[in-house]
Structures are given as C-alpha cells and as structure tokens.
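Inspection log for the structure reproduced underneath, given as structure tokens.
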Amino acid sequence: MRKLLSMILWDFKLLARYNVVAVAVAVTALYVLAFELVPSLRTDEILLFLIYSDPSMLGFMFIGAFVLFEKAENVLRAISVSPLGAWRYIGSKAISLTLIALPCSLVMALAASGWVVAFDALYLTLAVVLSSVLFVMMGFIGAVRVKTLNQYLVVVPVFLAPMLLPLLSLFHVIDTPLFYLIPSQGSLILFDAAFGGAPSAIEISYAVAYLALSCGVAFFFAVKAFRSRVLGG
C-alpha cells in the first residue's frame, strides 16, 4: 500500500508538470463561467452530457499523453524492472486521474445547480469514479500499443466510439435495449439518478455491477497489455 501511495503522489507531480491539472482546472472554470453567463445551460441533460464527456473521460484523453511521455523518458522500462509491478503502476494512473476528475465534476454540478447541492452526490461520485477508471484502463490499453501521440489519436476513436453510443438515447435519437450491452449505459443511468432521474433499483444495481465488472476486466487487459507490450518488447 505504501508503494502505491508513493506512486500516486509521484503521478500527481507528473500531472502537474505536464499541465494536466492546470488544463482540468481551466476547463472546469470555463464550464462554471458558461453556467453563470448562460443559465439556460443549467439543464440536467446538458450537465449530464458535459460531465460524462469531459471530467469522466479526462483520463481517457490524458492517459495516452501520460504514457507516451513516460515512454519517451524511459520511465516504463524503469518500472518494468522495479518492484512496483504493473498493477501498481496502472492502478496509480487510474486513481490519480480519477481524483482530478471527481472534484471537477462536483464543482460543475454545484455551478449548474446554483451553488446548492441539488443532486445526489453519492450517485454522482459512483458515476464519475467508475466511468473514469474504466476510461483510463481503456486509454492505457490503447496507449501502450502506439509510439506517438498522433498514432494514439488515430486509436482513440476505435475505443471511444462504442462508449458514446448510449448518448444517442440521452438526446432521444435512438433508444434500444442493445445499449445495455455497453458499459457506458451504466454510467448514464448513475448520472441520471444523480441529477433527478428515477431509474429503478434493478437499473442502478445493473449499472454499478456492470461498470465494476467492466473496470475489473479492463484492468486485467491493461496489465496484460503492459506485460506484453512493455515487458515483452
């Protein structure tokens, strides 16, 4: 546990050096300003979409750059021969990026609610944490397979597009039970519960269980990818 905590602290230092924290804060501040200047943006649907597509997916966007920077500096090779292990390295990335995403999401929700807690903080926390961890794992799996940021940007749509499909139901474009096969449907259910929706207990149970299972599966494949792509060559 001490090694993991040390790794998390180190990752925060790197995130600050790479300006990830500054970018996250700046983007959140822009959203807050938008909510203040344009009150019509303060709808549950818009807030759900913004939090899902920005703080929750922050890890997916930044993990690629994070890993590629460390590749360039030979950090991954150093990790591969250190006692930290793949699971601590990947877990630290997921935790540190999620700890940035969560407060950004809470601030956005407060701003959209007129700076009162007009949302369910527990469901919002569950939605952001589980979604962020899943996206970090997916991004990591993609990042270790490429050598440059441009290549990662090509890979991103392959991983990302299926996860965005359930948003079509949010905006009443397409609504199909097939979306329940996609883990991000669980994210939208939890966000809906956080912002005044009334999903059933079965839907919430499905959302938490399926997202947690998806995170576990993604973590397994992330560790496997690290061992094969980094340790193996």
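Note: Cβ is positioned from N, Cα and C throughout, glycine not excepted.
The annotation transmembrane segment is assigned in TrEMBL to 12-34 (among others).
The feature transmembrane segment is assigned by TrEMBL to 46-69 (among others).
The transmembrane segment annotation in TrEMBL covers 90-115 (among others).
For 121-140 (among others), the entry in TrEMBL reads transmembrane segment.
The transmembrane segment annotation in TrEMBL covers 152-174 (among others).
As annotated by TrEMBL, transmembrane segment applies to 204-223 (among others).
46-69 is the stretch from 12-34, 46-69, 90-115, 152-174, 204-223 with the greatest number of Cβ pairs below 8 Å to the transmembrane segment (121-140). Counting residues 6+ beyond its ends, the transmembrane segment (12-34) has Cβ neighbours under 8 Å at 41, 50, 54-55, 58, 62, 65-66, 69-70, 96-97, 100-101, 104, 107-108, 111 in the same chain.
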